[in-house]
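Structure first, then comments.
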């Protein structure tokens, strides 16, 4: 059938037609009766139309007809629903050719963003400057983690190739490569007041280097599984790390000795997935594959609070800096705002799909979540209401970061793009 002619109006097995009118001009409604002009059995399957076969002729506007190719494209896109969806981003970075896993924003330049992903590359780019992009070359596997030093002068890129590359932001050049771990880098962090780099590896080790001299400083050994999360305490005096071995360890950075090992009842029964440290450096909040969250006193190594409301893996956790609250997000489609004084949920924010990442915004009255459904949502932490949903991504959000001036939220997705959303009103 002609692509502009609905097949429901055509006779079966139409092979030829003696009528000079085309099906682009008119829509034929015909009687499905045997043709009287069959001359022999050899041609009994052919149907010929004469003027007498036409019972009605209707004029049709070609622009109103659906093109078959368009139908196919809509079917491939799930009925065309996503194609019509609004894109709320004010800037989209499309330099990558693979899934994106990590994003960080400069603490000193509100427009500077760095993204990394499965194409083994990182890109440094600027919000609103589509003509600027500097590629972080040299990694031979996925870029899994990115972090700026606190003064914004240096950037560390960690990769599943087991190496960390340090970049000078002023010159844009490579400052050095930090080697040591035998397997991939899970995360990279900087000392809060210096150029010391800390990284956790899939080989169960943690490493620390001096980025100014590229010198190795210490290895922290003791975990029995991949070190999935970790950081310096905000005062810089201790290190906390979580592992797939279901333990939290507190370390002395100078001696590389483990001060506390938190394991067993009433702690996690499965591997840790995320870790956050309170601004006063006294508490660690950890989430696990087992769906539980616990708060540990870093000084004593004791579990002080167990937060049990999630029913699936917790993927992200963070303390509020302005109230005794915390937030956790998980694959049970929930963001939970916790009242830590009561050890009870203050609000439970339901999502249509898993929550992969979260971020407290501005004065910590709002929480942003990145969801498996490709949406970024802004929640009022006091009421638990969703006050804004940002669309644009076509697949799961992996990581969120906010610009230093609090005006922009940057997300990365496995759809191979990074998008920028305006959030000044939520600060």
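Placement of Cβ uses the backbone N, Cα and C atoms for every residue, glycine included.
Feature annotation (TrEMBL): of 36-62, 63-89, 90-116, the stretch labelled region 'Disordered' is 63-89. For the repeat 'WD' (307-348), the residues of the chain that approach it from at least six positions outside its boundaries are 273-279, 283, 285-295, 354-360, 363-364, 367, 369, 372, 379, 381-384, judged by C-beta separation under 8 angstroms. Cβ atoms under 8 Å from those of the repeat 'WD' (136-177) belong to residues 98, 101-109, 112, 114-124, 183-193, 195, 197, 199, 201-202, 209, 211, 214 of the same chain, restricted to positions at least 6 beyond its ends.
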